[in-house]
């Protein structure tokens with residue numbers, strides 16, 4: 001039925017609707033709903049913001065179960081008009097163009113080319129209207145999790161209609177969590193009740209509920225409340241909420257700090273090898289990170305269909321690319337400079353300029369887009385106050401994995417043993433048969449490769465462009481020096497603690513001042529412990 | 001000053017002679033020779049040369065601490081910039097009511113950010129003598145405090161280098177903040193005149209050029225005096241074997257502190273001369289990359305020769321000016337390549353090459 | 001454009017520098033146009049595109065027979081995102097290369113740095129980027145938006161159409177955001193917004209860790225009133241900012257962000273799916289459907305040999321500036337600065353959005369204001385626009401220091417900062 005309707009021209013449709021309405025008086029209730037739906041759809045097809053808005057209101061008030069799919073598609077900007085016949089479809093991009101789905105029946109409806117379709121445009125006003133509409137419709141969704149999301153959504157924008165609906169539904173709700181949400185919404189409304197007792201009851205029900213709407217609601221109640229008993233209860237509840245909030249706020253700051261720390265550690269850990277263990281003041285370290293990030297970009301370009309897989313493949317690829325460039329730098333330049341550590345600074349500074357310009361020339365002076373796989377986006381919602389972003393959690397985990405791997409290489413493999421031997425006493429190591437030239441090249445390659453791996457991680461957080469390395473090089477040196485040159489643990493502890501300190505300072509000092517304070521702290525700390533947090537012991541440390 | 005200041009310093013003698021010659025010739029060729037003559041030196045070139053000379057003075061200051069004292073300062077740009085800011089503040093105050101808002105008291109950037117009155121640290125900068133004092137005092141005091149802390153606790157080597165870098169980085173971030181009252185990212189600009197002389201006139205530019213040349217010559221002679229004196233021999237001893245010098249009984253910290261402070265003052269003076277010639281000072285001068293570049297100039301010219309530092313500063317900066325014009329898309333390749341090649345092939349820098357030639361000749 | 005010629009003149013310059021001899025002025029068979037955009041350093045990301053745009057425009061003009069019967073010749077230099085170097089390069093372009101006009105600069109500080117040079121040497125600068133206003137120089141033409149052509153209309157839109165009651169003014173700590181936010185704060189207060197409903201936040205350049213700030217914005221926005229972020233965050237810092245917004249689940253319906261420095265170019269570096277619905281205010285969008293724009297995009301794709309490259313607002317500004325300049329030169333019959341400055345005022349040229357750009361007496365131009373929502377393909381869909389072009393206002397009416405100041409470069413005033421109360425024109429450099 002409705003599909004045939006949709007084919008007819010607009011004026012005829014309206015006429016038909018009127019006729020249908022008049023005729024079928026016995027099925028009035030049901031038909032009124034579907035009539036609203038049809039009328040709404042007709043308005044949506046006009047593709048003009050104000051008319052679409054009216055249309056959405058009509059579709060939503062039809063309470064037709066089929067409306068959800070339609071509105072959700074519109075909300076996601078997936079609703080299209082087929083130019084040829086003026087029908088609406090949900091379209092998703094595919095190889096052939098677009099796959100079409102009927103928005104009401106959700107049945108596949110063939111394919112179409114890009115030029116055959118016109119997207120129904122929406123703006124922010126519509127988006128927020130759609131959200132409420134979809135939430136309202138979803139209150140009766142068979143899945144509890146969807147219902148819960150819908151209730152939470154509605155807490156923010158309660159009105160008389162939605163409240164009446166919630167009161168209706170709350171009694172029949174089977175799922176405890178959803179019911180609690182609905183009760184909270186009703187309680188929130190009851191804060192405006194006339195009898196003080198009901199207000200107190202509502203407050204008791206809201207105790208411990210961290211949803212932001214609750215705090216706002218109680219705050220507004222306090223602003224106008226006259227009754228002492230109600231005031232006292234409200235203040236008590238609010239205090240409890242505030243305490244919980246502070247607690248979670250602190251946890252959040254700690255998380256922010258650790259994730260910033262992980263970024264610092266990742267950026268610095270390669271340098272902890274090249275600078276810390278080998279003593280090369282590697283100013284091109286930032287550019288090796290940048291190369292890793294660009295490798296991620298290129299791997300993604302090679303396999304645009306598998307962003308997530310590309311990211312995993314980029315890790316070894318970046319290690320190889322940056323590592324190879326590192327070995328090249330070591331063999332071509334640095335090996336002539338051992339024993340003159342300060343001069344490595346000059347040569348590597350020159351190399352960093354060349355690498356930057358190379359990327360500008362070969363790829364582009366602009367930033368390049370690196371896509372985030374879906375599992376990297378979004379956050380893990382612990383409660384209304386505390387949510388941990390997924391990408392940051394992956395970064396923290398990744399940082400720890402990289403650190404552990406590197407630590408094992410340095411401690412448990414023969415390469416690690418040789419590296420440590422050469423760095424402690426080159427002449428003695430050679431006398432014992434260590435091929436120091438080979439070890440040097442491999443060590444520098446290892447440090448550079450790790451820098452490349454860090455680049456893969458950073459590509460998920462920030463811009464990938466020719467200046468990427470520049471923004472991390474100073475911080476990396478600070479971390480390594482603060483932790484103590486030549487000590488991997490030092491780098492880990494230093495990075496993490498600088499991250500946390502920075503984030504604790506940031507809310508009250510501001511981002512810039514926090515960073516300045518951290519720098520001053522490092523300067524003063526070095527006065528106290530001139531060799532960093534974990535100084536290298538023994539004679540090797542002198543000179 | 002003993003006779004020995006320039007004795008046995010062929011490079012220094014040649015450098016000073018060349019400097020004197022340029023300082024004499026350039027003003028004549030600029031002011032007296034008509035503009036269409038092929039011998040005319042344009043004001044553009046004069047300003048450029050003046051700027052290079054201030055860089056040269058800065059390089060001398062770095063060479064003094066790096067070449068003769070073994071302190072690789074990655075933060076000398078900070079002293080340079082502080083001197084520049086002190087001069088910039090004086091120049092800002094000289095604008096008076098000729099700013100776009102016509103406010104006699106406040107610089108323009110304070111007017112449009114709604115500052116009501118001049119911050120306390122801006123007072124006094126309307127007097128040249130005070131500003132000139134601050135040009136030396138502020139970098140000197142910072143270097144003194146920093147050095148006192150660092151040398152006393154025996155922070156050495158890369159640790160020292162990195163915390164000097166932290167110092168200039170922290171200052172850069174601080175000066176970027178608009179609340180600081182130094183004009184934030186835009187810095188100080190739109191200067192009108194210096195000691196009553198119009199900054200845009202050719203004569204003033206020549207004056208500044210000559211002043212820079214004199215400062216470089218003075219700085220060179222002063223540093224030369226230091227390194228040839230007994231003090232200089234102690235500093236070299238500290239550079240080569242710090243512990244041993246200490247065991248012999250020298251108060252290593254004091255020597256380091258005074259030479260470091262002196263070097264910072266020189267850098268401050270260079271900054272003060274730099275600002276009126278380029279017409280702007282902003283927090284970018286504090287950037288750690290700038291300080292690294294200064295070290296690169298010294299390395300390319302040749303450490304521990306002083307005149308080598310001058311040579312390096314002139315050469316790299318001329319290269320930059322030239323290459324950014326000729327090959328705007330590829331000049332970084334050339335500059336980066338130059339750094340690598342010089343480090344690999346000329347460990348003693350260009351001065352080393354000259355000396356080697358001299359030795360074989 | 002001939003590379004060899006550029007090289008030859010540059011080598012002449014080098015020779016002049018080395019031997020202290022003035023370069024013999026090139027025979028006057030071409031008109032030189034200076035391009036002063038950073039090709040390396042932090043600003044290269046944005047500015048290289050503008051260099052290419054200028055090369056394209058010059059190329060097109062030469063195909064049409066050049067100007068005054070002569071070919072145009074581009075002189076490209078790289079000021080390397082280094083502000084003192086901008087001043088030096090500007091001097092080089094005017095004094096050594098004798099360019100007729102310079103198109104360039106992006107950041108305010110680079111403009112401030114070259115300004116005294118242009119005034120001293122009486123050069124011509126066309127500045128293509130939206131900026132904080134509070135300036136009008138005899139030698140500079142501002143083809144980007146002044147605050148009243150971008151910020152204030154955007155805030156009006158949020159207030160009227162989205163009923164925003166609570167405001168976060170977030171910016172990078174430099175002069176453009178500072179001034180814009182001062183103006184907006186005064187404007188919002190004049191509209192009855194309370195002090196506690198405005199949150200101002202500044203971050204350093206290239207800020208990459210936005211966790212705390214986004215979380216703060218989230219808290220600020222959960223007070224039950226509709227909240228919006230007005231972002232003057234500078235180019236590079238935007239990507240991590242938007243990523244963090246997306247990850248912390250702040251969608252455009254909850255807290256819309258309207259940005260003044262995010263255009264097609266910036267978005268081409270990010271996956272825009274999580275950003276759909278956030279806003280930007282500009283005077284041009286690539287998605288605007290007009291024949292002029294289509295032709296411009298086609299020419300651009302042909303010139304840059306890449307169909308994926310986007311166009312953006314500052315490119316349109318250069319397009320307008322260049323056309324106004326060529327018209328003025330033709331009208332004046334000369335590239336002489338004084339004649340061009342006189343001829344250009346009042347000239348008009350079609351812009352790319354179907355309207356006209358007129359050069360005003362204060363050296364700013366008229367521009368339409370468009371507000372666009374970010375789409376998932378990295379383009380903007382226009383959701384609101386002004387009925388007519390808005391004339392650029394050099395001196396904001398909402399700042400106490402500048403409300404009495406007007407810019408008018410025609411006689412009898414002929415001043416960029418004429419105080420209508422004291423009847424004075426202070427601090428001119430020419």
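A Cβ is built for glycine as well, from the same backbone N, Cα and C atoms used for every other residue.
Here the structure is a predicted model, which means the values were calculated and not measured.
The feature transmembrane segment, as given by TrEMBL for the ranges A:226-253, A:254-281, sits at A:254-281.
Between the transmembrane segment (A:477-501) and the transmembrane segment (A:254-281) there are 3 or more Cβ pairs closer than 8 Å, counting only residues 6 or more apart in sequence, so the two stretches are in contact. Beyond the transmembrane segment (A:254-281), the same-chain residues lying 6 or more positions past its ends with a Cβ under 8 Å from any Cβ of the stretch are 288-289, 326, 334, 337, 341-342, 344-345, 348, 388, 392-393, 395-396, 398-400, 402-403, 406, 419-420, 423, 440, 443-444, 446-454, 457-458, 461, 472, 475-477, 479-480, 483, 485-488, 490-492, 494-504. Sequence-distant neighbours of the transmembrane segment (A:393-410) (same chain, 6+ residues past either end, Cβ-Cβ under 8 Å): 258-259, 262-263, 265-266, 269, 273, 376, 380, 416, 419-420, 446, 450, 453-454, 457, 460-461, 488, 492. Tertiary neighbourhood of the transmembrane segment (A:309-329): same-chain residues 274, 284, 288-289, 291-293, 295-296, 299-300, 302-303, 348, 351, 355, 373, 376, 441-442, 444-453, 455-456, 459-460, selected by CB-CB distance under 8 Å and a gap of 6+ residues from either end.
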